[in-house]
Amino acid sequence: MSEFQLVTRFEPAGDQPEAIRQLVEGIDAGLAHQTLLGVTGSGKTFSIANVISQIKRPTLVLAPNKTLAAQLYGEFKAFFPNNAVEYFVSYYDYYQPEAYVPSSDTFIEKDASINDHIEQMRLSATKALLERKDAIIVTTVSCIYGLGSPETYLRMVLHVDRGDKLDQRALLRRLADLQYTRNDMDFARATFRVRGDVIDIYPAESDLEAIRIELFDDEVESLSAFDPLTGEVIRKLPRFTFYPKSHYVTPRETLVEAMEGIKVELQERLEYLRSQNKLVEAQRLEQRTRFDLEMMLELGYCNGIENYSRYLSGRPSGAPPPTLFDYLPADALLVIDESHVSVPQVGAMYKGDRSRKETLVEYGFRLPSALDNRPMRFDEWEAISPQTIFVSATPGNYEAEHAGRIVEQVVRPTGLVDPQIEIRPALTQVDDLLSEIHKRAALEERVLVTTLTKRMSEDLTDYLSDHGVRVRYLHSDIDTVERVEIIRDLRLGTFDVLVGINLLREGLDMPEVSLVAILDADKEGFLRSDRSLIQTIGRAARNLNGRAILYADRITGSMERAIGETERRREKQIAFNLEHGITPKGVFKDVADIMEGATVPGSRSKKRKGMAKAAEESARYENELRSPSEINKRIRQLEEKMYQLARDLEFEAAAQMRDEIGKLRERLLAV
């Protein structure tokens, strides 16, 4: 399928039709960069979905964090249920890179916990890019980090057609080359089992289906997809392509060639270290590298094989690493959401990684070629990026300098107007805020309060609580999943006021919030820049009674610019409403939708109709299963029980266990 099928009951309205037309026109005209300047609640994601549907190109959507990526994934999945919408984020629940601290002579081994489900989703994403034209990949900045070369990866794939002549032993050897393991008892992802002339293979990138190959002598008599849990055959297949378990799988001949290059570099580096009288470093480097070489010779891989990626990909020294961008076709589209945050992230990754690796090389823990296992530099990213649309309510300087066209979407189809802004004296800000909170609470509306310091947030929360206000404080120690649950409870009315510092400037929508209070708005700085103020004020833009109060004793340049831009948008929306006879309507969004990013590929619905939206999370703050490692441990325990129940033919109990696993995976997606 190469057509994008946009499924929605809405038609573009307000500024959307013109924005969509201009963006499509710009792409067709070959503009390298465009900016969609869209206010909160104007339907920017819907506009981008319409653009993708019209231009019919594979699209990479870059979000600034996993929470927003999960939300976008859920939205695009709903817009394009019949197309390949995939999720590509870092698969580490926990990651401690290897490092050396010379001052204390401390070496910290690499330690990581890999999320098996997200690893499967990453493999599924690259498969979609390689096989389909109708792919939308939602990603984070992890897309600029090194990945196996697509050329090498494609050389490893295994094609099986019905009617092929196929020796069973040769097939099993090929599966071993793909790093699949044989397991006749516990059938899991990236494993296979053999029962006479029947070979069952669980593809590494699949969470829904396994593949059954039935041989008659040395001919493939039948190929079918089946449910690995129940064994039910889903459909017959004419052919199937098996992809490697890892993006770093390398053909044997490439591996042998790479090992020769590593040996040459090792010899040169040892000579250099010995000439500098660094005998300990030389001995350490030789021992570590020779161990890695032996592992690669025997197993085809080693721990930390990515540090030899220069040789495995055949790229010269200093060349950019292969990344997800190398998997994109030439006509792809890049959409950068919240670009004022995302673009600076891309530029920040390289330097921190470089300084850590230089220390490892200097003290003999790694060869100098390990420096080429790195994220892309900003200039390299610019060179490889396809046609780009920046999406933001407050575009940054980079977008302003590079956008060939700025497309405005400041009119909301709902007719909602930007919040009215009031400036009140900072001297009496706390008492004034308290009276405003009581007014809003009486109307069952919610309030966001943003402060400058953690101490002030804590003190303000205590003060409000002492005066009978139902209040919670959102701080950096709260993990992503619980943060989403707190926002959910704010919307449900479990409490009325949420206090924070860098509070929800970009992210989840809360139509129930009618007041945003910004304390000490006249203190110039990152948290009170014009962009920060506009983003924070925008949190009240989805409520009919939306209002923002800036507590300040003077008007700063940032305040002036933020107020001016908000007023400009208000005037444009009011004029549009008058012209079209629109009466503003509040946004009523189902509270469950806040978790829409947690729609998990792999949750099987009872009717087996593709991906199902997982069940709602309960709105309580659980004392257990807070950290990703705890959730993962619980998932593994439940999976063992589920497969045991399936082996015992207790399929109803296994299905209940599967649904519970689906709920836990929802939580992991947003972490």
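Cβ coordinates are placed from backbone N, Cα and C, and glycine is handled just like the others.
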Residues flagged as motif 'Beta-hairpin' in Swiss-Prot, choosing from 43-66, 91-114, 259-282: 91-114
Helix, strand and coil totals (DSSP H, G, I; E, B; other) for the motif 'Beta-hairpin' (91-114): 3 helix, 15 strand, 6 coil
Mean predicted confidence [pLDDT] for the domain 'UVR' (632-667): 80
Beyond the flanks of the motif 'Beta-hairpin' (91-114) by 6 or more, those residues with Cβ under 8 Å of it: 122, 303-304, 356, 359-360, 363, 365, 628-629, 632, 668, 671
Gly43 (ATP binding site): tally of other CB atoms within 10 A of its CB: 22
DSSP-derived class (H/G/I helix, E/B strand, else coil) of Ser42 (ATP binding site): coil
Local Cβ density at Gly41 (ATP binding site) - other Cβ atoms counted within 10 Å: 20
